[in-house]
Amino acid sequence: MADTHTPIEKGSVDGSQPLPHNAGQVHHAYGNPQDGYVQAFGGALQPGLWKPFEHRKLANPAPMGLSAFALTTFVLSAVNMHARGVEAPNVVVSLAFGYGGLVQLLAGMWEMACGNTFGATALSSYGGFWISYGILLTPTWGITAPDGPYAGNVASVLGFFLTGWFIFTFVMLLCTLRSSVAFFLLFFFLDMCFLFLACEQFATDMGNASAALALQKTGGFCGFLAAFLAWYNALAGIQDSSNSFFVVPVFHFPWSEARRNKTDRELA
């Protein structure tokens with residue numbers, strides 16, 4: 001009798017167990033098709049168990065949104081750290097409108113079409129952040145100009161702006177506690193970035209220049225880490241057996257569904 005078994009490739013939620021898949025199908029290393037669901041995965045901005053579309057025509061929009069966020073955050077964070085003596089953030093305006101803003105917002109809308117509430121909320125919101133931040137940096141609007149509507153209170157207003165984003169990011173962070181380490185750390189360092197930059201503005205308003213500089217550079221460093229973690233998660237979302245000889249690990253938490261499933265297999 002001819003062998004009719006489905007071919008198997010290496011790969012699983014932790015990279016150690018083989019997972020079956022149909023011949024000719026592209027296999028992703030973090031899939032675990034038990035009951036049609038797969039594990040939490042930062043490469044798709046899915047913080048919990050989710051059921052991908054089997055025959056969807058849309059690609060995974062999360063890596064595009066993550067990449068847009070990463071590059072824009074990388075440039076702004078380099079400026080915040082005063083890399084090579086650069087201090088003016090105006091170079092970020094074009095990225096804030098074009099890549100971090102528009103492209104990330106579009107990725108968020110496509111996440112909505114894919115049924116990913118978390119991804120749609122996160123990408124659309126941070127796309128809106130970059131567009132609004134670009135508006136703040138555009139001289140034509142004069143919102144943060146010394147003689148503008150907030151003359152004498154510009155730093156405090158920017159502090160309120162950044163504090164609001166710190167709170168929102170903390171809400172998003174809470175939704176990653178059962179996902180993976182790479183996914184969680186992305187939002188953790190982003191949250192710390194907003195916190196330190198908000199404190200920098202309040203220190204500036206109080207006239208403490210030395211503390212403001214230290215807080216700005218610390219916030220820039222946290223943003224730097226968030227940018228590379230966003231690229232890391234984007235890479236994890238792009239890689240599969242059709243384009244890569246390896247997959248980057250995302251390190252699921254011990255209490256996540258992926259690790260519990262692994263423990264169940266080891267005890268069986």
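Even glycines carry a Cβ here, placed using N, Cα and C.
TrEMBL labels come from automatic prediction, so no person has curated them.
Summarising the annotation, TrEMBL assigns compositional bias 'Basic and acidic residues' to 1-12. The annotation region 'Disordered' is assigned in TrEMBL to 1-26. Positions annotated as transmembrane segment by TrEMBL: 58-79, 91-110, 122-144, 150-174, 181-198, 218-235.
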Sequence-remote partners of the transmembrane segment (91-110) [C-beta within less than 8 Å, at least six residues beyond its ends]: 58, 61-62, 64-65, 68-69, 71-73, 75-76, 79, 119-128, 130-131, 133-134, 137-138
Between the transmembrane segment (150-174) and the stretches 58-79, 122-144, 218-235, work out which stretch tops the count of Cβ pairs under 8 Å. 122-144
Chain residues outside the transmembrane segment (218-235) and at least six past its termini with a C-beta under 8 angstroms from it: 42-43, 45, 62-64, 66-67, 69-71, 73-74, 76-82, 182-183, 185-186, 189-190, 192-197, 200, 248, 250
